[in-house]
Amino acid sequence: MWLLLTMASLISVLGTTHGLFGKLHPGSPEVTMNISQMITYWGYPNEEYEVVTEDGYILEVNRIPYGKKNSGNTGQRPVVFLQHGLLASATNWISNLPNNSLAFILADAGYDVWLGNSRGNTWARRNLYYSPDSVEFWAFSFDEMAKYDLPATIDFIVKKTGQKQLHYVGHSQGTTIGFIAFSTNPSLAKRIKTFYALAPVATVKYTKSLINKLRFVPQSLFKFIFGDKIFYPHNFFDQFLATEVCSREMLNLLCSNALFIICGFDSKNFNTSRLDVYLSHNPAGTSVQNMFHWTQAVKSGKFQAYDWGSPVQNRMHYDQSQPPYYNVTAMNVPIAVWNGGKDLLADPQDVGLLLPKLPNLIYHKEIPFYNHLDFIWAMDAPQEVYNDIVSMISEDKK
């Protein structure tokens with residue numbers, strides 16, 4: 001870690017003093033902002049709330065109740081809830097310019113937009129009973145996000161808006177917890193008007209992402225390397241890279257390719273001028289247990305709950321010796337799916353296994369040149385994805 005920091009500092013000094021590695025681009029103001037500040041910076045109204053889950057986690061939730069173009073309309077607006085993916089946060093939906101960020105596009109289209117955060121990320125790192133310094137705080141995976149985080153947040157939104165149903169947009173792990181929650185919790189599923197799944201992930205049997213490589217690491221060694229608390233939080237080093245290293249012309253492309261290695265390549269569709277914003281808010285962290293759960297999923301090729309490591313432990317949690325499988329065929333929520341042909345995480349083969357199991361699939365589009373991150377950051381995402389979502393929600397109002 002210190003070696004990396006030293007190298008990064010050297011690059012910064014050489015770049016500043018001797019002009020190597022190109023000019024340092026002026027930083028984007030959002031680099032040092034929180035979610036509320038990012039929203040209001042662009043002139044949108046913002047409301048910030050804290051949602052407390054049944055097991056005590058405190059999640060920050062943000063609301064953009066209307067857009068810049070329709071503030072005079074005081075009537076009830078359709079509610080759209082956006083849920084981020086793995087190692088991410090609600091900033092994903094507002095990191096581009098307003099005409100390229102889904103949250104702002106939906107608000108300007110006349111919708112009541114809510115942004116969720118999953119436990120353990122930058123904006124959801126508190127608990128009523130446990131300190132984030134404790135092992136107990138980090139004893140969760142996407143199982144608990146589906147069981148506790150989604151119901152608590154959706155219930156809060158329903159009560160706050162007075163509307164019985166909402167539209168759910170999930171990206172990556174945001175689709176995973178949606179599949180689990182809406183197939184195992186029928187009362188919650190009734191509150192979802194339509195599920196819009198971007199880069200959906202259920203099984204990861206064919207994934208080519210870095211998670212695939214981690215599957216070879218035994219649990220004991222995994223914990224020895226990564227510990228048993230937080231995995232990949234955003235820290236000073238990440239912020240330094242974003243503002244002092246990756247903002248230089250010659251290193252900009254190198255840094256963007258580092259992101260692509262994880263999720264797939266599409267450099268032509270990537271707005272490098274926003275790279276400092278992406279890197280200053282990502283990764284947002286999760287638990288080591290959550291990452292190990294994903295490695296279990298790669299190994300098994302199945303969509304199932306976390307394996308606690310022994311039949312005895314599994315019986316304590318599930319009343320059976322093996323972790324239960326998740327059955328997406330039990331989810332009757334109408335769902336529209338978009339996936340990418342070059343997605344290393346949500347591999348097209350895994351998506352191909354998922355689609356026939358969805359009993360109420362209303363739309364599917366595969367974008368051949370899209371990778372995993374294109375769905376939130378691509379310059380042509382409005383044309384390829386977002387405009388379709390807006391149209392579908394609009395049709396649903398009629």
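Each Cβ is built from the backbone N, Cα and C atoms, and glycine gets one as well.
According to Swiss-Prot, the signal peptide annotation covers 1-19, on the basis of experimental evidence.
Here ASN34 (N-linked glycosylation site) comes close to TRP123: these same-chain residues lie at least six apart in sequence, with C-beta atoms under 8 angstroms from its C-beta. Look at Swiss-Prot and you will find ASN34 (among others) tagged as N-linked glycosylation site, backed by experimental evidence.
The annotation domain 'AB hydrolase-1' is assigned in Swiss-Prot to 78-377. Taking the domain 'AB hydrolase-1' (78-377) as a whole, pLDDT averages 92 in the prediction.
The N-linked glycosylation site feature in Swiss-Prot is assigned to ASN99 (among others). Classification of ASN99 (N-linked glycosylation site) by DSSP places it within a helix. Within 10 Å of the C-beta of ASN99 (N-linked glycosylation site) we count 10 further C-beta atoms, all protein chains included.
Just so you know, the Cβ of SER172 (active site, nucleophile) picks up 26 other Cβ atoms within 10 Å once every protein chain is counted. In the three-state DSSP assignment, the secondary structure recorded for SER172 (active site, nucleophile) is coil. The feature active site, nucleophile is assigned by Swiss-Prot to SER172, with experimental evidence given as support.
Under the three-state DSSP scheme, CYS246 (disulfide bond) falls in the coil class. Residues annotated as disulfide bond in Swiss-Prot, with experimental evidence given as evidence: CYS246-CYS255.
In the three-state DSSP scheme, ASN271 (N-linked glycosylation site) is classed as coil. Residues or ranges marked as N-linked glycosylation site in Swiss-Prot (evidence: experimental evidence): ASN271 (among others).
Listed in sequence order, the residues of the same chain lying 6 or more apart from ASN327 (N-linked glycosylation site) and placing their CB within less than 8 Å of its CB are SER183. According to Swiss-Prot, the feature N-linked glycosylation site maps to ASN327 (among others), an assignment based on experimental evidence.
The annotation active site, charge relay system is assigned in Swiss-Prot to ASP343 (among others). DSSP gives ASP343 (active site, charge relay system) a coil state; it is part of no helix or strand.
Feature annotation from Swiss-Prot assigns active site, charge relay system to HIS372 (among others). In the three-state DSSP scheme, HIS372 (active site, charge relay system) is classed as coil.
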Other CB atoms, at most 10 A from the CB of HIS372 (active site, charge relay system): 29
Candidate active-site residues SER172, ASP343, HIS372, pick with smallest Cα gap to CYS246 (disulfide bond): HIS372
Distance from HIS372 (active site, charge relay system) back to SER172 (active site, nucleophile), taken between C-alpha atoms, in Å: 8
Conformational class of ASN34 (N-linked glycosylation site) under the three-state DSSP mapping: coil
Candidates ASN99, ASN271, ASP343 (recorded positions) with Cα within 10 Å of HIS372 (active site, charge relay system): ASP343
Rounded Cα separation (Å) that holds between ASN271 (N-linked glycosylation site) and ASN99 (N-linked glycosylation site): 13
Local Cβ density at ASN271 (N-linked glycosylation site) - other Cβ atoms counted within 10 Å: 16
